[in-house]
Structure formats: structure tokens, C-alpha cells
Amino acid sequence: MSSSDSKPGPKPGPWPPAPESSAMPPSTWAKRTGFRPKFSGEATATDSGQVPLPASVRARQPETQPDLEAGQPRLRPPPGPAVANGETDKEKKEKPPQPPPPPPPPPGAGPVKRRRDSDGATGRSNGPDGANGSGDPIRRPTRIEETVEVLPQSVDDDLVARSLHMKYGLRDTPGLVPIGFYGLQHYLSMLGSLILVPLVIVPAMGGSHEDIANVVSTVLFVCGITTLLHTSFGSRLPLIQGPSFVFLAPALAIINSPEFQGLNGNNNFKHIMRELQGAIIIGSAFQAVLGYSGLMSLILRLINPVVVAPTIAAVGLSFYSYGFPLVGKCLEIGVVQILLVVIFALYLRKISVLSHRIFLIYAVPLSLAITWATAFLLTEAGAYTYKGCDPNVPESNVVSSHCRKYMTRMKYCRVDTSQALRSAPWFRFPYPLQWGVPIFSWKMAIVMCVVSVIASVDSVGSYHASSLLVASRPPTRGVVSRAIGLEGFTSVLAGLWGTGTGSTTLTENVHTIAVTKMGSRRVVELGACVLVILSLVGKVGGFIASIPQVMVASLLCFMWAMFTALGLSNLRYSEAGSSRNIIIVGLSLFFSLSVPAYFQQYGISPSSNLSVPSYYQPYIVASHGPFKSQYKGVNYVMNTLLSMNMVIAFIMAVVLDNTVPGSKQERGVYVWSDSETVTREPALAKDYELPFRVGRFFRWVKWVGI
């Protein structure tokens, strides 16, 4: 026997052989493991931001994937042509030839045990610890080079709905009972967004409990009408319209203008409401012109996730001075409210009853009901009753030092101080100009025009995110312009009816759709009709107006935190780990807090005796801001705008994102559908076309249609 025969041969490798991968120096953890950043808006990632598996591995994957939120399997999106953030591949490349199947195992080999690895590869394991028959560890690929599409290109509505894990798609029409149930669920989950804004601005205007009830009824009526208009003639997405938090800061700034300080009582409320109406009407008309003139199609080129994220996040962060300082007026009630809503929304979010996550969906109404009942029991038990003290007497008329000591506690902890429910009528029809003829002031109108642009930025982000959930594709630029134009028109209606704010797409829509998995516009339309009916029952507005102010502040702490997080979640469409994006977002957020703080604190000494509560001080900057010229109106506009966090964040983000070099993948540029896609896919036209053949009369207006 020769010496070559006596030498042992090479050790056999794993069976079947692992695919070859490019060599990569394992200098870092990321390079050793093949980790790649998540590009949620590009073709290199799925819609959930997960790194895709190779096609050969996806073919062997089971047809279900685990739902990380519910802990249950869900359908895997079916294969389709490449789509990235709504973008279709116009140039289809030929499919490369498939490699031949691996040869059969050698004779005498034992049974092959296949084990799925964390990266999706399979290996042969005849020995312990993942080793092959020779004792060598299995070599796995270190990088994933293939990509998977974000959205399937399909005209089958059921297929799209299943691929996106939605119970019902955009044009699905469930039965009457499911529509009613899901409609109630949808609106209850957004209860805080619908009712909390009037509970803040009306007391700031000096309105009574009856005024709060009337404004709440008006808000419900306008929300129902504007939602019906938007789902029919706007974007046609299942998005609820309502009093957005974007309008809250400018409304408080107008309310605390120096020229209104001399008014008191009901005259103060009606006069300020008429000033707000005039400013909202002009600002909303400007927004309607932006949309219907086609200018919004050009502005869309400047609006991307890196702009939307810090702008919307700054809206939520700007109210930190209002949140917990008001909760501290009655800690045992306010803190319990915050803890309950956090427990329901986070710790109990996976608990399902009849396949519905009741604690996650109804976190706000459940926590409000429990806290309100607890406060009622404490009030009836005499916990906030003090001898010789009447909670209904104004604090300025209280002479006794003993009662004056407990007036704040009685005012904010008791639940029987409001007479709104008793005094509210059973039937009340909200009508236009119910507070009087609007007063038009150019300086306040300019402020609202700028705010309407920021509200449009908020709506653009909601359109894109919700369309990826419920529709076959994102809308065209013309549909977005049409929707922004209609939002301007509906905000004009809000100004005429006197809601105190404009009516725009609520940012919380995206979270609600993702949680309830209900994408049918019929559900939202039925809920809007119910809102209109409830607005006619005066007792409903009186009941909502009876919510103690501390509970309102506690819910707002949660809602504003959610608003901030929803804004930052838009970064999932960009390369969030990019140093470019990190610096832009960081600078925008920091200066959105720091620059307004400079304006708000300018000219105020620590010993200043201000006539407004501490949580309203950020909104009186018009009377003492650093911008001083010979034109008082210009001073008002500049000091007010530059003291708003969202304005500074928007200016910083839009300038930096559009001047600092960066690829489309890195920036996560929004990709909207085009006319060629509409022609090729009938499902896209059906999703966004106007009903009752109205669209055929406006086909010549290319910039507001599909």
C-alpha cells in the first residue's frame, strides 16, 4: 500500500453544502454576524423593518410567521414583483437560472437531520452541538445579499388584505354587526384625541362648564361631517378627522394674547372664540389653496420621513409644562390615572378576549372609567370635604384661611364641582356662527397659515403610513394634494362652527389601524354617522365636560407621549442608523426645545408676578418676546411663531434634510404612485377614485386626481 493511500482523506463537509458567501473580515460584531441596518422604506427590508431571508430559504419557510405582538401565527405576504416603500420596478430583470439540486447523500450515510438556523439556513447535524459527522462545526453564511419586497404587487384585494395581516381591507364591506362593533371599537380607541383638546382650550378662554359642553358637542358634530367628507372626497383612506394637537399650541398662544387680558367671564370666551374662528378660517383657506392648486405636489418633494419625524415629535414634547404640573394638583387621582393607562397599554396589551386585545385598544376609556369611579367614591366618602368650606365658591371670594388652604384640593380632586351634566339640554343642534361673527386679524391669520403647513406635513406622514397598511399602494401625488385641499375646506367648516381648532387627520389613526387591524372605510364612515347623532344629544357633551381637569391632564400626558413616539416612528422608512439622519433629527429636536425656551423666558425675571398659571406661561411670549420692531403686528407674529417648538423643528429639519447630501435610501424618500401604475393596476384606481363618478368631471385637473 502506498503512502498516499495510508493518509486520511479530507474531512467531509456539511450536507447539503452551505451556499458560498463573500469573505468578510470579522473585525466587528456586525461584520461577524452579517448584521445589516433596517431600511423600512427600501427594497432591502420588509414592511416591519426585518432583514429579509434569501429566496431559497423563503421558499422552504412555512406559510405562517409568528405575530410578535399577539404571539400567534400570521400569514406570510405572498410573493410578487419588487415594491419598495410603494415603488414598483419598471425595469424587470430576467430571473437568473436556478442552480441544480444538490446530489443525493453518499451511500451508507445516516439519516440527515435538518435544523433551521437563526439566519434561515439549514444544515446537516449527525453529531451533538450542531457538528457534522466528522465533528466539525457547520459553517453558515455570514451575510444576506438577497432582498424581499415591501408590498406585493397584486390586484386581488383579499390577497393584499391577507398579506398585510388586516381583518378587512380598504374596500371590504363587512356585515352590519361587524361594522357597528368595529366602528365603536375604532372611535373608542381614539377617544382621547377627539375630546381632550376642547377640554383644554375652553377653560383657558374663561368658558364655563356649559360652554365646554357646547364646544364638545360641536367638535363631535364637525368630526363626523369632516370624516365623511374625507373618506368620500379626500384621500379615501379610513382616517378620522378631528381637532389635532398641532393646532393646540397656536390656539393657546392666541388665547393668551396681551389684548385679551382685560376681558373677563363669558365675554372673554366669546370674543376669543371669534378671534380663533377668523384665524382658523383664513389659515384653512390657505391650506385649501395649497392642495387644490397643486402646490402641495411640489412641496411633497421636500417632505420626507426625516422631516416628518422631528416635526411631529416636537408637537408632543412642547406640552411638557402643561402635563404633570396640572396632574400634581391632585396626585392621588392623577398618578393613578397615568399608572392605569400605562399598565393597560403596555403590561396587559397581549391579553385577548374573543380575539380582541381589549386592554390595548381601550386603554384610555378603561383607565378613565376606573379612575373616575375611584374619585367619585372618595368624594362621596368625604375625603375632600372640609368643615365650613364650599367647593363651589370662587377662590377669590374665600375669606377663611382654613378654607383657602384646601381650595385647590377641593377644586381638582372632587368630581361634583362641575354642573355641566345637569345644566346640559337633552337636545342641541350645533350651528354655524353660534358664537357670533368671526373676527379677522391679519397677525393671527399669518400664525395659522404657518400652522396649516405643519398640519399638512403631519397628514402626509399619516397618508403614507396608513396606505401601506390598508391599500394596494400609496396614493399618487394628486390624491395627496386633493386630500390636503379637502382638509383645508373641512377646517374652514370647523372655523365656521367654532370648534376652537382646525380639523385635520389625527396622527393616532395609524396606531389604531395597526392595533385593531381594521382597514375598511365603511367602519369609519358608520362611526362618523354615530358621532353626528351623539353630538345632537346635549347630555353627551355635558357628560364629557364633567371629566375632572386632573384626569384630563393625566390622559394628555399619555396622549402627548404617544404623539411624540408616533412622530419618531416615521424614521423606520429611512436609514435610522445613518449618522446623517441622527444628527439632523437630534439637532431639530434639541433646537425645537431650546430656541422656544429662549423666547419664552426672555424678559421674565424669577420674581415676576405673572397673571396666568405656570402651565400657560410658554404661550404669553407675544407680550415680552425678544423680537422688537416698530411694527407691533410683526413683533407678535415673529415672537409667537419662533416660540413654537414644531415651527423650529420643521424649519431645521426641512432645511437640513434637503441640503445635506444623502441617497434616497438613506433619506427614506417617500415614493408615491404614478399615473403609469394607476393605468396598470385597476385596484389602485378603485382605492382612491372619487365616488359617484365625480372624478370624471375633474380629469383635466391632473394635480388633484389619480
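The backbone N, Cα and C atoms fix where each Cβ goes, and this holds for glycine too.
Note: TrEMBL annotation is automatic and uncurated.
What TrEMBL says about this one:
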type	residues	note
COMPBIAS	9-19	compositional bias 'Pro residues'
COMPBIAS	87-96	compositional bias 'Basic and acidic residues'
COMPBIAS	97-109	compositional bias 'Pro residues'
REGION	1-140	region 'Disordered'
TRANSMEM	187-206	transmembrane segment
TRANSMEM	212-230	transmembrane segment
TRANSMEM	276-295	transmembrane segment
TRANSMEM	302-320	transmembrane segment
TRANSMEM	326-347	transmembrane segment
TRANSMEM	359-378	transmembrane segment
TRANSMEM	435-457	transmembrane segment
TRANSMEM	523-544	transmembrane segment
TRANSMEM	550-569	transmembrane segment
TRANSMEM	581-599	transmembrane segment
TRANSMEM	636-656	transmembrane segment
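The transmembrane segment (276-295) makes no contact with the transmembrane segment (187-206): fewer than 3 of their CB pairs lie within 8 A, with pairs spaced 6 or more apart in sequence. Sequence-remote contacts of a segment are chain residues at least 6 beyond its ends whose Cβ falls under 8 Å from one of its Cβ atoms, and for the transmembrane segment (581-599) they are 306, 309-311, 313-314, 317-318, 568, 571, 574-575, 618, 621, 625-626, 639, 642-646, 648-649, 652-653, 656-657, 660, 662, 666-667. Within its own chain, the transmembrane segment (359-378) is flanked in space by residues 185, 188-189, 191-192, 333, 336-337, 340-341, 344-345, 348-351, 384, 413-415, 515-516, 547-548, 551, 554-555, 558-559, which lie at least six positions past its ends and keep a Cβ under 8 Å from the stretch. Counting only same-chain residues 6+ beyond the ends of the transmembrane segment (435-457), those with a CB under 8 A from a CB of the stretch are 244, 246-247, 250, 253-254, 257, 270-271, 273-275, 277-284, 286-287, 290-291, 296, 299, 303, 307-308, 311-312, 484, 487-488, 491, 495-496, 498, 502, 504, 633-634, 636-637, 640-641, 644, 646-647, 650.
Per-stretch counts of Cβ pairs under 8 Å to the transmembrane segment (523-544) identify 212-230 as the leading one among 187-206, 212-230, 302-320, 326-347, 550-569.
Proximity of distant same-chain residues to the transmembrane segment (187-206), defined by a Cβ-Cβ separation under 8 Å and at least 6 residues beyond the stretch ends, is recorded for 212, 215-216, 219-220, 223, 240, 242-245, 247-248, 251-252, 255-256, 263-266, 268-269, 272-273, 322, 361-362, 364-365, 368, 499-501, 506, 508-509, 512, 515-516, 527, 530-531, 544-545, 547, 549, 552, 555-556, 558-559, 616. Only sequence-distant pairs (6 or more apart) were considered; of these, fewer than three Cβ pairs between the transmembrane segment (550-569) and the transmembrane segment (212-230) are under 8 A, so the stretches are not in contact. Within the chain, the transmembrane segment (302-320) has long-range Cβ neighbours (under 8 A, six or more residues past its boundaries) at 41, 245-246, 248-249, 454, 457-458, 460-461, 507, 556, 560-574, 581, 584-585, 588-589, 592-593, 596, 618, 644-646, 648-650, 652-654, 657-658, 667-670.
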